[in-house]
Ligand SMILES: NC(=O)c1ccc[n+]([C@@H]2O[C@H](COP(=O)([O-])OP(=O)(O)OC[C@H]3O[C@@H](n4cnc5c(N)ncnc54)[C@H](O)[C@@H]3O)[C@@H](O)[C@H]2O)c1
Ligand SMILES: O=c1ccn([C@@H]2O[C@H](COP(=O)(O)OP(=O)(O)O[C@H]3O[C@H](CO)[C@@H](O)[C@H](O)[C@H]3O)[C@@H](O)[C@H]2O)c(=O)[nH]1
């Protein structure tokens, strides 16, 4: 029986390994983590992450060929294949702070693998890492290896949160990078391919050299984020001219060379990956003496910051330039629907911007716990962080000006304005007449995700702002200073 161990039981390690166990009954999978609460949650009825379809997959395999454990060394020692899926956040201090990936967790995992291994292993980079990381990992492993053979593969993960299980069941591609130039490397690539081939069609499994696999992951995220910043930049121009961004992106996306996906204008992209990975790409370009290329990709993040800023400014300027003491109902806090993850969610910057203008916020999100929202809003950002960045709200100010509630009607009652910051499906079908009746007038709706029916809400009486859509006459006269 092939034994797999995955170091890191997070958003990637947990679902990915659950799906491998589910699809490959003859493989034994152990997912290990340093965090005791995380492992306890994986072994309980309330999994540590919300992901549609995940519960069923975990319940089918847990205790049979899928195990979650804090006994890291034991499971690593026993494994034939070790996946490393630890976090690789942006460095916050030292060389490359604010851009480079922090590989502390990765390096400590690699050193531990070298220390505890008594048999040869394939070590798989699942985390997103800078191109050439495999070279450093090989050095760490072989330097301490006591004659054991290690083969390093790069197998980046392309799942998106909220659709992780369907993405893993039916991936566009699986990418395996390895040392194609030697027999051991080729054998390692084949061993990993033999796992995926149990449910992924052969032609979707792409084998490359190590550096292509590592770089493809960063490049894919940069291209995806670039599409959002591109459409968001056009949304500003739509508002200035009377064009409608939904019509423009639909017309543009009909060109098969461009494609229709990932062209939804929004208040900005969030999540733990896009900003981090582009910053990482920027840093790699700078280190390779390519400042023009670095600046090109930096612009994708700048437009994202501009978009969040623009949203806050539009709201404040439309409400007579003051929101001091005004209640604002916030619908949605996670970085996208169907996840409770708030890492880099645009809601943090938008809410901080509103708090900076002394608004009173009442927040509702179907999945994000109250404590997480308070933590996110009072955690200082780093100096290097872009935009809203400089805005720091103290814990006391957050406690005084923010309330978290358990449904959308409570959040919007007596509110001067509503902001939709996540596209949760339930926000499409709320009783907006009832909501309107419970708000002081004029009642504003600022839809940062283009989820509401603008015409219908205007008919009810709302003043509606929807990203990139023709402006409400009320808003037209308001300056939209960025
Ligand atoms: N979240 C996503 O959608 C996504 C998708 C594709 C790729 N990625 C990449 O995958 C990697 C993991 O991301 P994530 O979102 O799962 O992160 P995460 O923070 O949810 O999980 C990482 C886990 O690793 C554990 N860990 C850290 N150091 C450890 C060590 N030495 N030993 C054991 N456990 C350790 C942490 O306790 C944590 O539970 C990152 O590189 C990320 O860029 C993420
Ligand atoms: O047309 C769009 C599509 C997305 N978004 C926003 O972009 C962010 C990221 O969304 P998405 O890419 O769906 O989620 P992630 O889980 O961050 O997944 C991305 O990042 C992962 C981590 O590297 C990759 O594995 C995935 O392929 C890549 O899509 C979210 O805030 C979305 O609301 C938009 O604003 N407009």
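Heads up, the Cβ atoms here are built off N, Cα and C, so glycines get one too.
Taken verbatim from TrEMBL:
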ACT_SITE  273  active site, nucleophile
BINDING   8-13, 33, 38, 86-90, 127-128, 161, 273-276, 343  NAD(+) binding site
DOMAIN    329-454  domain 'UDP-glucose/GDP-mannose dehydrogenase C-terminal'
Need one number: mean pLDDT over the domain 'UDP-glucose/GDP-mannose dehydrogenase C-terminal' (329-454).
93
Could you give the Cα-Cα distance between residue 11 (NAD(+) binding site) and residue 273 (active site, nucleophile), in whole Å?
11
Check the recorded positions 90, 161, 273 for any whose Cβ is under 6 angstroms from an atom of ligand 2, and report them in sequence order.
161, 273
Enumerate in sequence order the recorded positions 8, 33, 161, 273, 275 whose Cβ-atom distance to ligand 1 is under 6 angstroms.
8, 33, 161, 273
All-chain count of other Cβ atoms within 10 Å of residue 161 (NAD(+) binding site):
24
Distance [Cα-Cα, Å, rounded] between residue 161 (NAD(+) binding site) and residue 273 (active site, nucleophile):
10
Between residue 90 (NAD(+) binding site) and residue 273 (active site, nucleophile), find the distance joining the two CA atoms and give it rounded to the nearest Å.
10
Name the residues of the same chain, 6+ apart in sequence, whose Cβ is under 8 Å from the Cβ of residue 275 (NAD(+) binding site)?
90, 225, 269, 301, 304, 344
